Amino acid sequence: MAPSVISLRSHNSFSLSVSASCIKVADTQDKLIEEWRVASASQEPVLLLGEGSNVLFLEDFLGTILLNRLKGIDIREESDGWYLHVGAGENWHQLVEYTLKCGITGLENLALIPGCVGSAPIQNIGAYGIELQHVCDYVELLDLTEGKTIHLTTEECQFGYRESIFKHQYRYGFAITAVGIFLKKEWNPVLNYGDLAKLNPATVTPQQVFDSVCHMRRSKLPDPVVTGNAGSFFKNPIVTKQHADSILREYPNMPQYLQADGNVKLAAGWLIDQCKLKGFQLGGAAVHEQQALVLINKSNAKGSDIVELARYVRNQVAAKFSIQLEPEVRFIAAHGEVNAIEVLS
């Protein structure tokens, strides 16, 4: 095997100094299949990557990084709305901006979420009351071994909170090539979270929602270009109402969001903040001083520094609230993705 010599610093938003044996760029489906088969034939591990905004490299990757750069935005207008067919390699935030400029509304709450369009279904990205599943029409997937295209409806994607079938059945050997999005012409602003609740639903415009979301994200989340991070490190935990009520008795101002099934979603950042961990540092990694949900590469951190910090944060929250936080970020070891919860346990 070739030595690990190609830097991945610019391909992971934590800006960790890790490397790979090889990096290949695929801008067509044929190229994706070809590079996958070449790497697989040499018995090397292969990792499909978008913009590396939701991964933590624990160490050097001993194989090929395959960058999915399939582009293109096709828009079809119908009487009730717009149907978009978007290449997996398109930047998500740029798509949100583009639709707004075209007078197409519905993606404003998802502004400034980092990463590629193809990564959006994997996590079922969401923010400020909207998730991808609310606007997703279908996902196109490529079976890299058979060379066949698979068309999945929204239901078949099995979307959940930061969850989808792409983390399970289609995790390895498949590449998302395009995402279908349907946006209704009848615009109903979702103004339930943060500063959006201050806006008047009767007069607010899509541009104002977009601007407000961008302002909120920029004010509390560090720019990965300046400070290495992967955004929200942990998922917001969902607990029983009984568990939430027991915490509420001691912390009556705790933010909580009742779910359709009767359970309650809590704010992971708030839980971490109650443990007085903002600014806490281990090795080169630290908890961000403004947003406790974000772990940062403060000073030439290694992957192991971020793991140690995440484990410490998780243990503190568990000790105080009897809640086990789950990472939202995907953990990548030398030969591929590993179970993040097992790494932290």
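Even glycines carry a Cβ here, placed using N, Cα and C.
Per Swiss-Prot, these features apply:
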- 16-186: domain 'FAD-binding PCMH-type' (DOMAIN)
- Arg162: active site (ACT_SITE)
- Ser232: active site, proton donor (ACT_SITE)
- Glu328: active site (ACT_SITE)
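Cβ neighbour count for Glu328 (active site): 19 (other Cβ atoms within 10 Å of its Cβ, all protein chains included). Secondary structure at Ser232 (active site, proton donor), as computed by DSSP, is strand. Secondary structure at Arg162 (active site), as computed by DSSP, is coil.
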